[in-house]
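Q: Pulled these from TrEMBL:
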- B:109-319: domain 'Cytochrome c assembly protein' (DOMAIN)
- B:6-25: transmembrane segment (TRANSMEM)
- B:77-98: transmembrane segment (TRANSMEM)
- B:110-130: transmembrane segment (TRANSMEM)
- B:142-163: transmembrane segment (TRANSMEM)
- B:175-201: transmembrane segment (TRANSMEM)
- B:229-252: transmembrane segment (TRANSMEM)
- B:267-282: transmembrane segment (TRANSMEM)
- B:294-315: transmembrane segment (TRANSMEM)
Amino acid sequence: MTVVDDRPETVAPAPRRRPNRLLALLRNSWRQLTSMRTALILLFLLAVAAIPGSVLPQRGISPEKVNKYFTDHPDWAPRLDRIGAFEVFGSVWFSAIYLLLFTSLIGCITPRLRDHVRSLRSRPPVAPKQLARLPQHAVLPAPAGGVAAVADVLRKRRWRVEVRGDEVSAEKGYLKETGNLLFHTSLIAVLIGVALGSWYGWSGNRLLVAGADNAFCNTRQQYAEAKLGPRVDSADLPRFCLRLDDFQARFLPSGQPESFNARVTVDGPDEPTRSADFSVNSPLRLADASVHLLGHGYAPVIRYTDRFGNSQVSDEPFLATGDRGLTGEGVAQFPDANVDPATGRRAPDQQVAFSGIYLPTAPQQGPFVRSEYPTERNPVLNLVAYRGNLGLDAGIPGSVYQLDQRQVRNGKVKEIGSKLLRKGETWTLDDGSTVQFLGTERYVTLSIRHDPGSMPLLLSCGTLLVGLMGSLFGRRRRVFFRVASTDPGNGSPTGGSSLMEAGGLPRTDYPGFADEFAQLVTAVSGADRAAERAGTDADSSDRAGVREGTE
Amino acid sequence: MSALSDNLVTFAILTYLIAMISHAVEYALGNARTRVAVASPARELVGAGVGAGGGVIPEPPAYVPPSPDASARRARIAGLVAVGATALAAVLHLAALVTRGLAADRMPWGNMYEFVLTVTFIGVTAWLVVLWKRPMLRKLGLFLTLVMVLLVATAELVLYVPIVPLVPALNSYWFVIHVSTIVFASGIFLVGAVPAVGFLMRNGYEQGKRSFPYTLAKRLPGAVGLERLTFALHAFAFPVFTFAVIAGAIWAEAAWGRPWGWDPKETWAFISWVVYAGYLHARATPSVKRNVATWLAVLGFLTMLMNLFGVNIFFTGLHSYGGLS
């Protein structure tokens, strides 16, 4: 952030009165904060602070892993949790570092912005008296056109030129500081874009089973988990519904997925009714939301007919366990089973549930716990039946994909047997009720979200890159030309013809400046001839002639 | 085709090994290099002279070569053999990548094995470009070929996986944009780390340190030139890396619904970016010593290595395409 500057700071006039202590302290702290050293330390701290975010599981990314960490390390986890180690990127200390860094950044670039605007509007400075003391220096025969010809050559090469009497000052490479400031301003814009997204954005994850009965409408209640930014209200969610019509997945012989495609019907007040396809990498873009395909699996359709002959159907998704064969685990619960049709009374201890494993391609022989292939080549449903009070009426929130294990441990729910079912097969339980495996539906895991900050983010990333390149590859430098005085003490070796003195000053580290300076000097001294020949051969002329050890 | 690619990788490793040994021979015989280097820097390589004259710092005068001419000639031959072997290895390396890509019918960047092969290829290509522009830096080749042998051999022995098509998540044109730029930037950072380490050793040597790691730098080119090369490579790679990360964010928005989610890979890319940004800032600040800044560059490369090996092996995340299990 600090730029090499050749101009010495003007000595501040001595303070006339004792400065206010508090003000002085504030000013010194501000200077300290905006210094490069502090910025570097903060940058380093930022990098270090991000490390635990990758080592420890994070709630925002994988809450289930955080829970696992709590059970695995019961002594450490609460302590780590207290310092925000499971939410590193939202923690106080991480925020403090980047906010301080950005404050330091703003404090650093604001005065530089002012200075830069000033320097853009000011003219190149007066040439120093002793051009020979500059890093680059040359003496050349003055072109016939004098300083005007020199100024022409420089202007053609897009230098900013100022002619003062018999001397020419020129400066180039304002792009460096412009780019630098643009880069740092863009960083602030990136932060604003991220902030906008988290304040005004929302997102939710949802499993969607195929079929008209399972259509989903975009309301808060219909999400298993939803995150709304602080400035978003449930009523702000755009109103639309999605129905999964078809899901296609192709796999290689090894079981590795090859392609996915989901077809949905979009419908609702805020969206025209239409059919749409989307896939991994090509999300469904709606007016104020986008729908991303994250995963897929099977939802076994299970019909339970209780001892009174009433039947109910469950098509809850069996969550993929993460293996290649798409083994699914889930539960089908029938809390309204065994209601006596004569009395209409529910029997809470007569509720029925089945937990099980679904194997799209079961192995030829047991154990039937792991599917061999993700498509349904040999579908088998391995069910365990439970009867009792499922605990669904207690009002305690629980997973719909898992049996409430507390009820099992309390003995309120009893296991009554297990069986392997193929499609269409029926299993008669001990009380005469039956369960039938009718078939499967596909389900998809969707992430539905809206991020109003993404466009500002993209634009600021674009300007950031442009600025970065200007900042890294731009080179600020000055050259001066002066018609040498005829003073014999100046030691001009070729008396008679008028001579010109040239000096060059790279204001930033620039190894190639010697070459450029040499070329420039050649171009200037050949300016008269070049005008006639139209094409200048300055580039190929001896480069090493005037170079000095800058490289 | 796939088997051919595997064989080519083996040949490339052997050729890098030959290059490394030749560099080592040059290093060992290099007693008289000083005089030759100063006297005729422009005769070193075809294409020399572009940057000749830069970066030559005479050897410390305390050192007196025993029999300058004969051993100098032999050292020079060894050095040229090393460069030739490196170039040949690079050609074999490229052929291995091309055949792998043809066999897989896609860009060969689908898993960690292919990723490391491509990064190292970019690295060696960048090194050959540097060498062509600055023949004086040839002796760094010992360290570079050492890195090449280590990385390519690790790829073949540890990371190797047979060819499989891409998973749907990778099936996007962003795959080419994001991964190619990441690979490119990583390759340049890889080459940048070599003069960075070289500078740290040489700088210590020039300041009179004569303990173990510094003595290795006795025959390295001058510290100033090494430092400048380090900066040039990093300044070149940093915007490419920035672009690659941004391209990744755009892709992540399409694929996973969010531009940035602190996935372990993303987190480490952020860490690398911050460390390299720190290096560039430190380098531009006169009050920060050049060796402190250069340490940051080395640290940046370590974070890149961590992202490649550590994250793929120890953490699971959305970027788990390494093919290791």
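The chain as shown is numbered from 1 upward.
The backbone N, Cα and C atoms fix where each Cβ goes, glycine too.
TrEMBL does not curate its annotations; it predicts them automatically.
Help me picture where these features are in the structure shown.
A: Here the transmembrane segment (B:6-25) has long-range neighbours at 75, 78-79, 81-83, 85-86, 88-90, 92-93, 95-96, 99, 117, 139, 141-142, 145-146, 148-149, 152-153, 155-156, 160, meaning same-chain residues at least 6 beyond its ends whose C-beta is under 8 angstroms from one of its own.
Remote same-chain partners of the transmembrane segment (B:294-315), defined as residues 6 or more beyond its termini with a Cβ less than 8 Å from a stretch Cβ, comprise 112, 115-116, 119, 186, 189-190, 192-193, 196-197, 199-200, 203, 227, 230, 234, 264-265, 268-269, 271-272, 275-276, 278-279, 282, 322, 324.
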Q: Report, as numbers and ranges, every residue of the chain located at least six residues beyond the transmembrane segment (B:142-163) whose Cβ falls under 8 Å of a Cβ in that stretch; write 'none' if there are none.
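A: Residues 2, 6, 9-10, 12-13, 16-17, 19-20, 23-24, 26-27, 82, 86, 89, 93, 100, 103-104, 111-113, 116-117, 119-120, 123-124, 127, 190-191, 193-194, 197-198, 322-324.
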Q: Average the pLDDT scores across the domain 'Cytochrome c assembly protein' (B:109-319) and report the rounded value.
A: 91
